[in-house]
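Some notes on the structure that comes next.
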Amino acid sequence: MAFSSSSDLTGIHSPAQLNWRVGTGGWSPADSNAQQWLQMDLGNRVEITAVATQGRYGSSDWVTSYSLMFSDTGRNWKQYKQEDSIWTFAGNMNADSVVHHKLLHSVRARFVRFVPLEWNPSGKIGMRVEVYGCSYKSDVADFDGRSSLLYRFNQKLMSTLKDVISLKFKSMQGDGVLFHGEGQRGDHITLELQKGRLALHLSLDDSKARLSNSLPSATLGSLLDDQHWHSVLIERVGKQVNFTVDKHTQHFRTKGETDALDIDYELSFGGIPVPGKPGTFLKKNFHGCIENLYYNGVNIIDLAKRRKHQIYTVGNVTFSCSEPQIVPITFVNSSGSYLLLPGTPQIDGLSVSFQFRTWNKDGLLLSTELSEGSGTLLLSLEGGILRLVIQKMTERVAEILTGSNLNDGLWHSVSINARRNRITLTLDNEAAPPAPDSTWVQIYSGNSYYFGGCPDNLTDSQCLNPIKAFQGCMRLIFIDNQPKDLISVQQGSLGNFSDLHIDLCSIKDRCLPNYCEHGGSCSQSWTTFYCNCSDTSYAGATCHNSIYEQSCEVYRHQGNTAGFFYIDSDGSGPLGPLHVYCNITEDKIWTSVQHNNPELTRVRGANSENPYAMALDYGGSMEQLEAVIDGSEHCEQEVAYHCRRSRLLNTPDGTPFTWWIGRSNERHPYWGGSPPGVQQCECGLDESCLDIRHFCNCDADKDEWTNDTGFLSFKDHLPVTQIVITDTDRSNSEAAWRIGPLRCYGDRRFWNAVSFYTEASYLHFPTFHAEFSADISFFFKTTALSGVFLENLGIKDFIRLEISSPSEITFAIDVGNGPVELVVQSPSLLNDNQWHYVRAERNLKETSLQVDNLPRSTRETSEEGHFRLQLNSQLFVGGTSSRQKGFLGCIRSLHLNGQKLDLEERAKVTSGVRPGCPGHCSSYGSICHNGGKCVEKHSGYLCDCTNSPYEGPFCKKEVSAVFEAGTSVTYMFQEPYPVTKNVSLSSSAIYTDSAPSKESITFSFVTAQAPSLLLFVNSSSQDFLAVLLCKNGSLQVRYQLSKEESHIFTIDAENFANRRMHHLKINREGRELTIQMDQQLRLSYNFSPEVEFKVIRSLTLGKVTENLGLDTEVAKANALGFVGCMTSVQYNHIAPLKAALRHATVAPVTVHGTLTESSCGFMVDSDVNAVTTVHSSSDPFGKTDEREPLTNAVRSDSAVIGGVIAVVIFIIFCIIGIMTRFLYQHKQSHRTNQMKEKEYPENLDSSFRNEIDLQNTVSECKREYFI
């Protein structure tokens, strides 16, 4: 064992083994700085398992932290890593105590270096060290790139069902075949280096495809041309293969018809010799060393060393590893790293060459000031392209661009030669095209060459760097055709440098393994990696977060109405999004997943030997569908079987003729409406089948069409994945089936809530395992000042979320580098007993905390040090392991990495915690609009639209109708009618014995007719309130309060019969009246104290049909009533139009004439007489009544043709009848218009065009208030 060092206090290499007390008592360098190291030569390669350190004896010199490096040759060092990061070992706290460290991964090396990082601030660097381990024996073969070993089998063909191949290798070349074997029938196995990665080709397929034209079965590893040992293990059993390179394993299934690998004659190692052509090879040979090469237990190198007959050697293979003495260097810092090397000045010309590798797109490679005023030469990477520029002052004399994507992490060679006015740039042995204007450039070499960057103290003329410094590795630097000794640079005897690692290349592939989740693509620079999440349906720094919500319930909660959506049931988990239809109704939120065969399908000619089978595809995996089903309270699928002499289930004990396959691939012989385990249909349960001897209608085997239809609702069996039919091959036997979409309602995740009512209470769950990515989301509400939401501890690591003050949420996490705290301050109090949303995330790129819609707090994650979150205790929710700082309040919808924690189930068996949490309406009541009332449910809330003129899940959908001439809707005020569930009916009661102290009337209308009577409220035979349009299109509100007293209010801001939507609001509070038109206050008036308002008897929209003795103006307007569209009609708490359309059978409402539900938006600026009624269905998978035989769909072709002819004849007769009536009405209308010019025509278009002339209108409404 021998010691050496970067420098020594004594000037000679001092012994520095543990407990050494002689002389200086250990090692101290001449200067204590970050460039010092202590090296041990162990004589041979050994297996190192542990190290120990002390300070220097009898001094105040000790090292408090250090790193380790290893080497086989004393060159090309490798840093010791744990968790894929350069590991820092804790050192000593005094000079004498010994600190041991056992290595997590043993290392095989001859040389060890201790590199001090920090030391006693009151002293200097001082070390005594020891290394522990055992001897290491190995068999090594050295291949020179033109050689190989052939392992020849004892028989012609080697056929194996399983294989195990293991080896270690080291190489400086990025390409080369490690081993190869093939059979004449097409089987082959090949392992080769391709651009520093290992590619495994493996095929059991008996085809003639060869290696040259096939893609690798698997590719693993990166930067494997670093002249360090790498281990390979290939394990195959049949078609299943495990491929391991270093610590990374890939599992795959190979192609092939059989499970055997058939190799003919031999396996070749190190290359693929061409038969019959000695010394020639099919592909590039491996150049480097292979160690401990085993093929199915056979030590190949040992056989070769002992010259056994099974081994045939091609070329020169030696059995000791020849190590090239190449010294790489690493430029660490993107701003301060540089290497200065001297050159020979004033030579006519220039010659510089080197190799580099990097991940950065940009960086200065070389800058040198040329002699004789010939300018400055710059060589740089810009956007991954090599750029050579010669610049004089600000003038660019010459420029050459070559290469692309040179930041790929591979070694690239560069050479610059300038001779006799010509300059040549060579990249990877290919000369770049010459600069177009460089023929006259005269170059004289300078005396200083700056590689990688520039020192801070130089002028631009000495070293120019227009972009950032280079981060990466260089080697084999030649100046004026002379190699430069970089060890001399390290020792200070040549050139100068800053922020360099000399004698190691510390490049790291940050995309191996790929930490971009869900298929995100990884790219990298020298210091970090980036994830491209496009086309993944995920977002975030590591593509962790789904861009879609977890359920239809969440979309509804955001205010969405029915439509197609993507839902991601497990959020950031492994399952992808699924396309569904969210049917959001007033009381349920249905999730529908359609399959590929929604139509009624006819089946003939099937029997038990030749069954009919149809598989159903739902556009997603079974795991996705199961997640939707398991997250729902109820799921169902409607199944219909139409039959004619086609039996369905047979008897309960017989073999079924038809069955369906469910989620577990099991056969189910029961049908819709029946529970599982009972071989029956719905009619069998309620004893209503056609033949009481059978339990399905179809089992009666009738000659007439019948059907069995019902719902399958046992969740554990859904969805239906296949239907099999076997009884349609008899005479006149036929069947037709239809399976509806999978439909579910009731979100078991979003409203899953618990209440904590003692500080010492908590819920505990299994450990939260989230080494690389962790996301936590939940809702909370509280009145407490502080409390811990959740906590999970490890040995050192922990994660904690808490409300630390009434307006502050804190997320604290430690992955081993010290705690990180993120805080979000809210401008308003968070303990206001309202629901608030919290989402915390930690990944390898950043840590973040989001509260409600406040700005997100983020902090970048350190690229070095520990990065695995390692927890081992239970997860505590609502408290901590110390039972202090517990949370008082409610937590809802807690998800960890997309997985729901079932809080309610755990709360049922935990004291101090109650399942559920009331009070959703206090937070979300505002989502119910237009007078809708928020109603609490155990799991969520719903909007009760009973007292609103609107409907829908949020009371935002207008209820509109088209009125024709003579249409009348009359609402009689009386005791309230029952139209709502679970709501007190008295809330909408208007009793007949009390006059309203206030009136609120709102509605919207579209019309082209004037005059028109819009609304009429009758109090007694004399008193009424009328809203009408005068002949000139102005709006008039008339209050008749007694026989003598009437009040008329006219709004003539425009002609309101102009085919546009207008919104009217009349509000009377006691005696104060206000009228708004189109959201503008048009009129305000106070009635005199003597005015008395009577009890309301009825309200009429459109034409008043009763003989109420209307005055002249109202009677004129009432001649036709109202023709147009009216929507959102409300009188106090009554919605008369909605009652007429939705509750006509129970509400006290009478409709005369034609009232057609329609959207008024279709009528705006269109022909009001030609309204197209639009019927919308809330279910896109439209259903027919399949309880009747769908005869047209399943009858014979002749019957179908006959039916079509009958329908066509019927339609023709209908058209003739309609045209006759239209012509007759048009003739009558024309005649009436000629006879009575002042009467109101029925043709509104001609009325609108010819009679409403606002320039020459004389108002027919005489008695008005002008306010």
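Quick reminder: no glycine exception, Cβ is built from N, Cα and C everywhere.
Because the structure is a prediction, the values reported are computed rather than measured.
Quick look at what TrEMBL lists:
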type	residues	note
DOMAIN	1-134	domain 'F5/8 type C'
DOMAIN	140-321	domain 'Laminin G'
DOMAIN	328-505	domain 'Laminin G'
DOMAIN	507-544	domain 'EGF-like'
DOMAIN	543-595	domain 'Fibrinogen C-terminal'
DOMAIN	752-917	domain 'Laminin G'
DISULFID	Cys890-Cys917	disulfide bond
DOMAIN	918-956	domain 'EGF-like'
DOMAIN	974-1160	domain 'Laminin G'
TRANSMEM	1199-1224	transmembrane segment
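The stretch with the most CB contacts under 8 Å to the domain 'Laminin G' (752-917), chosen from 1-134, 140-321, 328-505, 507-544, 974-1160, is 507-544. Long-range Cβ contacts of the domain 'EGF-like' (918-956) within its own chain (Cβ-Cβ under 8 Å, at least 6 residues beyond either end) map to 553, 556-557, 559, 561, 584-587, 589, 633, 746-747, 750-752, 781, 833-835, 890, 979-980, 982-983, 987-988, 1002-1003, 1127-1130, 1133, 1135, 1137-1138, 1142. Averaged over the domain 'Laminin G' (974-1160), the predicted model has a pLDDT of 83. A 10 Å cutoff on Cβ-Cβ distances gives Cys917 (disulfide bond) a total of 23 other Cβ atoms nearby, all chains included.
When DSSP labels each residue, the domain 'Fibrinogen C-terminal' (543-595) comes out as 6 helix, 19 strand, 28 coil, counted as helix, strand and coil in that order.
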